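Going by Swiss-Prot, these are the annotated features:
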SIGNAL    1-24  signal peptide
CARBOHYD  N42  N-linked glycosylation site
BINDING   D206, D230, D234  Ca(2+) binding site
ACT_SITE  R286  active site
Amino acid sequence: MKMQTKKLFITIVSFLLYAPLFLSSPVPDPESVVEEVHKSINASVAGRRKLGYLSCTTGNPIDDCWRCDPHWEQHRQRLADCAIGFGKNAIGGRDGRIYVVTDSGNDNPVSPKPGTLRHAVVQDEPLWIIFQRDMTIQLKEELIMNSFKTIDGRGASVHISGGPCITIQYVTNIIIHGIHIHDCKQGGNAMVRSSPRHFGWRTISDGDGVSIFGGSHVWVDHCSFSNCEDGLIDAIMGSTAITLSNNHMTHHDKVMLLGHSDTYSRDKNMQVTIAFNHFGEGLVQRMPRCRHGYFHVVNNDYTHWEMYAIGGSANPTINSQGNRFLAPNIRFSKEVTKHEDAPESEWKRWNWRSSGDLLLNGAFFTPSGGAASSSYAKASSLGAKPSSLVGPLTSTSGALNCRKGSRC
């Protein structure tokens, strides 16, 4: 056990010497960061030794933080301390009580019934929302979330599908974990409640799986997405401090839009981490499509695309590290990247770089800008693992089949 602990310690430290772990912005005193990291590693290793965790770790820092605990259902809110990247400070409903959803039907957008998911998410208090049993929830209108909420699907098979889906609008500290989100439709031209004290008229929604509109400190982890009317996950209108991790995405065209428009300057402060996701079967483009802002795309598995994987316009900074890109068997779709809506004379100054990516089946990444530009400091949020480890790091992406009383 001592040798195993020593190896784990050395492995983690070696990564951290070359890349800042869990930081969303550069820091003036790197030595203080190293000291803090040492404390975190020591605490983590000690805790895992005590609980016998070392034998089940995978190298995925999010999963290794909680999945080895056979009593995870008794410690649900510890998940909030496992986030990484730019959304690492999203605590969701960690400091609130547990709310159990018991009713999968009876969705009333204005007067939600207690026990329904809508009743839970509009409350003012922090809540950690779980589900009594397996259920499929078909919403009549978009589910407008209030701040400091966690939707935690572990222990049940929870599907939100067949209607409008989740909206995170001008709120903060949201965690969405362990649910299936698919076949989302447009809603709107209707009254919808957003808090216990307010409901209002909603225009037509886009039909996204998760729409983040002016939201901050958002973490979407271990969800399965497919086949929505617009995007699977879109973040626009000044949204920032977001981590999208361990998700499995399939059967969709425009997967992920990050940034409202080329002219919307508030998105210049957007920071998003995209880590340990599997972009799978039936996807076409936008994994993601970025505007303005800073985007860290790290240790994802790209096994399918038809047009391109990563694209953008309006001078976004894209830091691609340790990903695996398997190009399709389409002659003119081998390029990972797409610089959009600008001539080469302009986009060649945008800061896009590939570092340690594995490019297969003829895949190629077209870099631009300065490889050592200082802007990458704002697009670095965790230490990348080698691309050779992407398979095991992403092998359990998507909603997990967690059962109480056993490791998840």
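Cβ coordinates come from backbone N, Cα and C, glycine included.
When secondary structure is read from DSSP and collapsed to three states, R286 (active site) falls in the coil class.
A separation of roughly 16 Å, to the nearest angstrom, links the Cα atoms of R286 (active site) and D206 (Ca(2+) binding site).
Sequence-distant neighbours of D206 (Ca(2+) binding site): residues of the same chain at least 6 apart with a C-beta under 8 Å from its C-beta are Q186, E229, D230, G231, D234. In sequence order, S205, G207, D208, S211, C228, E229, G231, K254, L257 are the same-chain residues whose CB sits within 8 A of the CB centroid of D206, D230, D234, the residues recorded for Ca(2+) being left out. The number of other CB atoms found within 10 A of the CB of D230 (Ca(2+) binding site), across every protein chain shown, is 18. Every protein chain shown contributes to the tally, and the Cβ of R286 (active site) ends up with 26 other Cβ atoms within 10 Å. Under the three-state DSSP scheme, D206 (Ca(2+) binding site) falls in the coil class.
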